[in-house]
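Annotated in TrEMBL:
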- 12-29: transmembrane segment (TRANSMEM)
- 35-55: transmembrane segment (TRANSMEM)
- 88-105: transmembrane segment (TRANSMEM)
- 111-129: transmembrane segment (TRANSMEM)
- 141-160: transmembrane segment (TRANSMEM)
- 166-187: transmembrane segment (TRANSMEM)
- 208-227: transmembrane segment (TRANSMEM)
- 233-249: transmembrane segment (TRANSMEM)
Amino acid sequence: MNKWIVGARVRTLPAAVVPVAVGAAVAVGEPDVRWWRVVLAGVVSVMLQVGVNYANDYSDGIRGTDDARVGPARLVGGGLASARSVKIAALSSFLVAAVVGLVLTIVTSPWLLAVGAASILAGWFYTGGKHPYGYLGFGELFVFVFFGLVATVGTTYVLAERITALSWQMGVAVGALACALLVTNNLRDIPTDREVGKRTLAVRLGDARTRTLFVVLVVGGVLVGAASVWARPPAAVIVVVLAVAIGPVRRVRAGAVGRDLIAVLEGTAKVQLAFGVLATVSLALGA
């Protein structure tokens, strides 16, 4: 597989697509929806995700914190690409997101410029800079805010030019499931992160409480989504996603470690994708 595809970590891209799809579904039924903007919103979200992935690869690689990595290969840490080329890839991805986001800002509202700038800066300084906040235990907060609330509510806003309560509620659900993906990664990396001084939330909480957090995020995310649309019978089908969540939840509660958590990560991604598909389709049909 092409090393740049590996570095982009395409398996994480549903985390960028799901909030846009759900946010668009929330907009169904609203007056004067500008549907063409959903494509631009999707490009912004995906390129931000790709930019974050390359930026993390670069920053962790030059610090040497990926040297004992258990998960998928990294470009810099694995010697597959130079640090400079990965940095350029990260900045190029952010630039594409910025340009497309600027178009959305021009046709929608000037305040989106601040949101976009904050998203890019947060993406870079997650593991970049002298004091990366991802090393201090705030990574999950970043994911919840930007790949949950901002991406979901923002999509609804750029399409319908109004913010709805349902978009916030679904943003919470989407954000919780996105956080569960990061928690799985950080749970797997607790031993190596401790060695290199990364104080992720998982390191701070410890193994047992991180496993509890994972279960709360997965089950809670699905239930929040289902409860938010309970008055719309077609949309209430979201609750069946809990069946998909049984596998990864069981593995985490059973004490899966190391490479066994890669299967949990894949299972959690399927939960998020299933939630996104069911939420999008059922919200659109139930509008």
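Numbering starts at 1 and runs along the chain as displayed.
Just so it is clear, glycine is given a Cβ too, placed from its N, Cα and C backbone atoms.
Keep in mind that TrEMBL annotations are predicted by a computer and have not been checked by a curator.
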Best-contacting stretch, by C-beta pairs under 8 Å, relative to the transmembrane segment (208-227) and drawn from 12-29, 35-55, 88-105, 166-187: 166-187
Residues from the same chain, set at least six apart from the ends of the transmembrane segment (35-55), whose C-beta lies under 8 A from its own: 7-9, 12-13, 15-17, 19-20, 23-24, 75, 86-87, 89-91, 93-94, 96-97, 100-101, 103-104, 107-108, 116, 119-120, 123-124, 126-128, 146-147, 151, 154-155, 158-159
Long-range environment of the transmembrane segment (12-29) - Cβ separation under 8 angstroms, sequence gap at least 6: 35, 38, 41-42, 45-46, 48-50, 53, 143, 147-148, 151-156, 159-160, 164, 166-167, 170-171, 174-175, 177-178, 181, 269, 272-273, 275-277, 279-281, 283-284, 287
Distant-in-sequence neighbours of the transmembrane segment (166-187), which means Cβ under 8 A and at least six residues beyond its ends: 12, 15, 18-19, 22-23, 26-27, 71, 139-140, 143-145, 147-153, 155-157, 193, 200-203, 207, 210-211, 213-214, 217-218, 220-222, 224-225, 228-229, 248, 252, 261, 264-265, 268-269, 271-272, 275-276, 279, 283
Surrounding residues of the transmembrane segment (88-105) on its own chain - C-beta under 8 Å, 6+ positions past either end: 4, 7, 37, 40-41, 43-44, 47-48, 50-51, 54-55, 57-58, 112-113, 116, 119-120, 123-124, 158
